[in-house]
Amino acid sequence: MVMLRTSFPSGSRTKAVRYHTLLRPILQQRFLRACFALLCLCCITSYWFSSGPFISLSFWFLSLVRGFVCFFFMFPYFVMLKSRMSTQKVTKQSLGAQLFYDFSPKSFFLVYLTFAVSVSCLCLFYIKGHASSIRLQWIASPNAYELPSLNERFVYMTYFSHILILALTVEHLYLQRDSPSRPVINVSFFNYIFQNLGWLIRFSFRKSIICCLFTPFSYAILRSYIWRFAALLTSCCRRIAYTKTPPKWPLSLRLLLHSFWMAFIVCLTFQIALLIFRVFLYSGPMIRGKLLSARSNDPNGTLVDGMKTKKKPLTECIATEELWFIAKRDPQRIKSIFQDIDRSVSIWQELYSITESRCKELATSLKILQSTGDFSAATSKKSGLTKKTNIPYSPNSNHEEINSIPLRNKNIFVPPSQGHSPLLEKIKKQGSLPSTTPVNEGGISDIIPKSLYDQVIRFISTFYKAPVFGIFRKTLRRQNEALLPNPWLFCVTVNSLTQLVLKSLKYDTYGVVARDISSILAVYCDTFDVLVSYKRSLVKNHSNSTNLDDDFKNLNSAANALHCGIIDITEKFQDFFTQLNLSPRIERRCWVLFREYKSNS
């Protein structure tokens, strides 16, 4: 008797479009819009840098032309930002190691040359626009029968522009302006500017004041050298009266105010340009009111592909934010995610495995650091999830992925009585018996008297604890930031999966989520407990309790996301706990956290 098949495989599903393939042209369009906004900013800056009748049409036209020239020299700044853009900050264990990393020659010279090109153009336009009003000409007007001379006021403003270039470079590298505090921004440009306008003005004002106060003192120390170099350089281009001694002191209150105004406008211009770059390039997944993956022939497959793109962090962040939008606002996509099971691995299983891997990666890093204290092993990429051991053998499989027992490099089948003597083997290799002279294994403590040795160690430790060497000491805050460099991505992933679980009661018709709720709660509880135990073990030895929130800022945000997920799922599914096949430990832990939350609220 032949049995007929009652189920047939579905038709061949077309391969989903890569998420980055859809995102790349969108990023190019956003970069062009950011360049247009930068052009408008350069025109406004050139208008404020010029001096003349503000109502004149010729003055406006000249400002527009200068704005195009400023944009030509400001464009390398955008190119530098795009080449160095990142979604997470690289954090070292100590400030000294952080400075060595941030101010490496490759990074420093690239950023310095970029600012030198852009800032020099803006400062020269300001000096040229106010040359007649405050006597900032390069060459001073000579008297009758005298050669022209170099104008020291011009030399001072040029030196001030170089100080401004150095200040902007140091600020950009030290504060890591290439990676924003929030990796992805989903607000309009004008709203974002208005939200940060007060901070922009205050920050630019403080930086301008610091430059204006520092420059006169440094110029007074280096005045003779700067004057000789400027006079020698000018004499190569123009015929001037060359003198090695500078004239009278050029600085006045009016020149100081002009230098402050120039620095303030330049700093404000670069801060707004940075916000322009962020608000366009780090924008969210909404394109004309439509999500990015909706343009694909397989929206769910494209979304999962974007969330699994590890080599392109910006693509991963935007795809994760799109999942958050779907979980909060799009019931139709939620239904399609729950019903998309016609695959080798369903979409829900893909989303769950992504969240599980990120939770286990964090928990594994914390366990390694807590047990061994090896920070490099905890933060390395190999300290994440271990490979699965239940890999079936096949002739074409990679043998390196199969866990094997390493064997010693000798014949293990020879009986012990037939083995060779280690002493005879050494005689064969060395040709003589090994020396029986005892080796001094005590080290330097046996050569130097113990009292002197203790004094030296005490002096070195006291000298190392001095405030001067504070930048080389490892701090708890930097360690925690390096363990979770992108807390935003972790929190959004956990919150998105939690929202999908909460809405599964309404939209999950096949029951694909109910089977994994116990596993989700187990992952959440285990990761949360590891975070809590790690924090408690460090708080005991923490000397300053006032900085605990700052030191554990990233880990606290991750713990809050996990805690809220446990509380929300427990509250929503408390009537079905007996049907979820929860382990007694996880069920007890969920109820404890839920009751603590209710009692505190």
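Including glycine, each Cβ sits where the backbone N, Cα and C put it.
Note that the coordinates shown come from a computational prediction; the quantities given were computed from them, not determined experimentally.
Annotation source Swiss-Prot lists topological domain 'Cytoplasmic' at 1-34 (among others).
Swiss-Prot lists 35-55 (among others) with the feature transmembrane segment, giving sequence analysis as the kind of evidence.
The list of residues near the transmembrane segment (59-79) in space but at least 6 beyond its ends in sequence, with Cβ under 8 angstroms from a Cβ of it, reads 31, 34-35, 38-39, 42-47, 49-50, 52-53, 114-115, 117-118, 120-122, 125, 270, 273, 277. For 59-79 (among others), the entry in Swiss-Prot reads transmembrane segment, with the evidence type sequence analysis.
Annotation source Swiss-Prot lists topological domain 'Cytoplasmic' at 80-106 (among others).
The transmembrane segment annotation in Swiss-Prot covers 107-127 (among others).
Over the topological domain 'Perinuclear space' (128-153), the average per-residue pLDDT in this prediction is 67. The topological domain 'Perinuclear space' annotation in Swiss-Prot covers 128-153 (among others), and the record cites sequence analysis as its basis.
Outside the transmembrane segment (154-174), and at least 6 residues removed from its termini, the chain residues within Cβ reach (under 8 Å) are 99, 102-103, 107-108, 111-112, 115-116, 119-120, 123-124, 127, 136-138, 207, 210-211, 214-215, 218-219, 226-227, 230, 250-251, 255, 258-259, 262-263, 266-267, 270. Residues annotated as transmembrane segment in Swiss-Prot, with sequence analysis given as evidence: 154-174 (among others).
DSSP labels the residues of the topological domain 'Cytoplasmic' (175-182) in these numbers: 0 helix, 0 strand, 8 coil. Per Swiss-Prot, topological domain 'Cytoplasmic' is recorded for 175-182 (among others), and the stated evidence type is sequence analysis.
Here the transmembrane segment (183-203) has Cβ contacts under 8 Å with residues 37, 87-88, 267-268, 271-272, 275-276, 278-280, 282-284, 286, 313-314, 317-318, 321, 486, 488-489 of the same chain, all six or more residues outside its ends. Taken from Swiss-Prot, the feature transmembrane segment applies to 183-203 (among others), supported by sequence analysis.
The topological domain 'Perinuclear space' annotation in Swiss-Prot covers 204-256 (among others).
Taken from Swiss-Prot, the feature transmembrane segment applies to 257-277 (among others), supported by sequence analysis.
What Swiss-Prot lists as topological domain 'Cytoplasmic' is 278-601 (among others), and the listing cites sequence analysis.
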Residues from the same chain, set at least six apart from the ends of the transmembrane segment (107-127), whose C-beta lies under 8 A from its own: 45-46, 49-50, 66, 69-70, 73-74, 76-77, 79-80, 136, 154, 157-158, 160-161, 164-166, 168-169, 172-173, 262, 265-266, 269-270
The topological domain 'Cytoplasmic' (80-106), counted residue by residue under DSSP: helix, strand, coil: 15 helix, 1 strand, 11 coil
Outside the topological domain 'Cytoplasmic' (175-182), six or more residues from its ends: residues with CB under 8 Å to it: 81, 84-90, 102, 274, 278, 282, 488
Long-range neighbours of the transmembrane segment (257-277), counting only residues six or more past its ends (CB under 8 A): 34, 37-38, 41-42, 45, 48-49, 74, 77-78, 81-82, 118-119, 122-123, 126, 130, 134, 156-157, 160-161, 164, 168, 177, 189, 192-193, 196, 200-201, 203-205, 207-209, 211-212, 215
